[in-house]
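K.L.:
For reference, Swiss-Prot lists these features for the protein:
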- Gly9, Ala10, Gly11, Val12, Ser13, Glu32, Leu40, Trp41, Asn61, Ser62: FAD binding site (BINDING)
- Ser195, Gly196, Ser197, Asp198: NADP(+) binding site (BINDING)
- 518-538: transmembrane segment (TRANSMEM)
Amino acid sequence: MSKRVGIIGAGVSGLAAIWCCLEEGLEPTCFERSDDVGGLWKFSDHTEEGRASIYQSVFTNSSKEMMCFPDFPYPDDYPNYIHHSKLQEYIKTYAQKKDLLRYIQFETLVSGIKKCPSFLVTGQWVVVTEKDGKQESTIFDAVMICSGHHVYPNLPTDSFPGLDQFRGNYLHSRDYKNPEAFKGKRVLVIGLGNSGSDIAVELSRLATQVIISTRSASWVMSRVWDDGYPWDMMYVTRFASFLRNVLPSFISDWLYVQKMNTWFKHENYGLMPLNGSLRKEPVFNDELPSRILCGTLSIKPSVKEFTETSAVFEDGTMFEAIDSVIFATGYDYSYPFLDETIMKSRNNEVTLFKGIFPPLMEKPTLAVIGLVQSLGAAIPTADLQAWWAAKVFANSCTLPTTNEMMDDTDEKMGKKLKCMFSSFFMFGQSQTLQTDYITYVDELGSFIGAKPNIPWLFLTDPRLALEVYFGPCSPYQFRLMGPGKWDGARNAILTQWNRTVKPTRTRVVSEVQRPHPFYNLLKMLSFPLLLLAVTLTFY
């Protein structure tokens with residue numbers, strides 16, 4: 001008899017979990033509180049309780065070739081950065097083509113997950129659900145939590161003296177949908193993350209004045225990188241990851257800062273992070289420096305206090321006659337249906353082996369999918385997480401001992417996987433695990449047996465090997481070989497640049513030259529000279 005797996009949430013993580021369970025011969029049942037798939041990307045013009053919320057103008061920050069399901073490329077004519085409506089269309093098509101909808105119970109709330117009395121022997125869970133006023137309990141052999149971490153807003157009102165006397169209105173970015181209500185207003189946005197910068201830039205076209213208050217500032221990157229290609233197609237490569245990991249930190253930090261300042265000098269815009277050499281996760285916004293240059297948007301330090309009509313900043317300056325304050329201050333990490341002790345242990349911190357498995361669990365039958373964040377796309381990360389979890393549930397993979405998992409988790413919490421308070425913001429209370437993208441997905445791929453064997457590829461298929469190592473680390477790489485091999489993976493990798501330029505070549509003038517792997521090879525050969533030059537500069 002197949003093991004039954006309960007899956008919470010039908011966003012991209014939940015859909016990946018359903019498919020991976022089916023591939024491993026498991027029997028999935030997914031519970032989704034809304035009436036459709038998509039999770040975060042299912043837009044609503046009003047905020048819904050218990051659901052993630054996005055604003056009308058949201059586009060992806062990862063390009064289409066980097067954030068697809070690994071055996072399901074986007075249509076050729078899709079833009080490289082996708083509006084939420086187009087992404088939702090893709091997600092629904094994926095669910096339909098993979099025949100996943102019949103495994104989902106829509107408009108069903110999960111109100112509780114608890115261990116069965118026989119858990120120490122069976123590892124089973126009781127999942128309590130509610131639908132149409134009726135409550136039901138179901139026993140599952142394993143559970144995957146795929147409900148995301150952008151649901152419960154962190155609104156740190158206690159951190160801002162005088163806010164209770166402020167006469168204007170304030171709201172969390174979760175409640176922001178469009179700029180119309182702020183036309184002609186003076187608006188303060190607190191928090192410089194992707195949402196905060198997006199909202200501030202959008203408001204700056206209709207509002208009288210917009211100010212962003214940030215505690216530590218941030219690097220700002222454009223989605224458009226070298227030669228006009230998407231940033232992640234150029235940056236997220238195995239070769240680049242190799243250099244970042246082997247270079248001495250003072251050199252890699254210096255190179256990182258130089259690259260971040262190529263577009264504009266952050267210091268001149270008030271955006272230089274407090275620690276200039278810190279490789280802080282960047283903010284993606286193509287218009288922020290332009291709006292600052294136009295004078296419709298300004299950057300200020302932290303708010304010291306509020307008065308009835310103004311905000312006083314740490315540098316003593318004021319923003320007067322404020323109409324609205326928008327807190328883009330992240331989200332609280334919370335799974336209210338689950339006993340919090342299950343995922344917390346030492347120092348009351350989130351403790352998850354590889355960001356997925358609670359290491360102190362007597363039986364490895366609970367997995368959290370989609371909690372880890374990295375400078376890479378969410379969909380392929382969630383897919384690999386769900387695939388590994390499904391293999392563990394199906395007894396195709398085994399986990400290390402509890403002590404080994406705890407030792408690894410403690411090391412990662414102190415180094416690679418850092419427990420951050422709010423994803424990209426300094427105010428939040430969420431405990432999102434962050435890690436280097438390629439290092440992490442390669443690790444998951446190794447557990448599964450799906451990590452591409454680069455030396456073998458160079459011997460057997462040099463053309464493909466060059467693209468895999470020097471080109472973008474696209475999701476198709478993890479379907480080239482191993483248990484989940486997809487026959488279309490090789491062609492998808494070799495044609496990914498064609499799909500990248502297809503939607504932009506609306507007026508063809510000449511043959512487009514895509515980045516050639518040998519260009520990266522030449523860069524690698526010139527690396528010793530670069531290293532020598534930088535070393536001489538510092539010494």
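Cβ from N, Cα, C; glycine included.
Looking at the shown structure, can you explain where the listed features end up?
P.N.:
Remark: Gly9 (FAD binding site) has Cys30, Phe31, Glu32, Gly39, Ile145, Cys146, Ser147, Gly148 as non-local neighbours, by Cβ distance under 8 Å and separation of at least 6 in sequence.
The Cβ neighbour count for Ser197 (NADP(+) binding site), using a 10 Å radius and every protein chain shown, is 26.
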K.L.:
Return the count of C-beta atoms lying within 10 angstroms of the C-beta of Asp198 (NADP(+) binding site), excluding that atom itself.
P.N.:
24
K.L.:
Just the number: how many Å between the Cα atoms of Leu40 (FAD binding site) and Ser197 (NADP(+) binding site)?
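P.N.:
It is 19 Å, counting Cα to Cα.
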K.L.:
Between the Cα atoms of Ser197 (NADP(+) binding site) and Ser13 (FAD binding site), what distance do you get, rounded to the nearest Å?
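P.N.:
Distance between the two Cα atoms comes out at 26 Å.
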K.L.:
Measure from the Cβ of Gly11 (FAD binding site) and count the other Cβ atoms within 10 Å, all protein chains considered.
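P.N.:
Excluding its own Cβ, the number within 10 Å is 28.
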K.L.:
If you run the three-state DSSP split on Ser13 (FAD binding site), which class comes out?
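P.N.:
SS state of Ser13 (FAD binding site) = helix.
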K.L.:
Rounded to an integer, what is the Cα-Cα distance in Å between Asn61 (FAD binding site) and Gly196 (NADP(+) binding site)?
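P.N.:
The Cα atom of Asn61 (FAD binding site) is 14 Å away from the Cα atom of Gly196 (NADP(+) binding site).
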K.L.:
What are the other residues, in sequence order, whose C-beta lies within 8 angstroms of the center of the C-beta atoms of Ser195, Gly196, Ser197, Asp198 at the NADP(+) site?
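P.N.:
Nearby residues not in the site list: Ser173, Val189, Gly191, Leu192, Gly193, Asn194, Ile199, Ala200, Val201, Val283, Asn285, Ala328.
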K.L.:
Whole number in angstrom, please: the longest C-alpha to C-alpha distance across Gly9, Ala10, Gly11, Val12, Ser13, Glu32, Leu40, Trp41, Asn61, Ser62 for FAD.
P.N.:
26
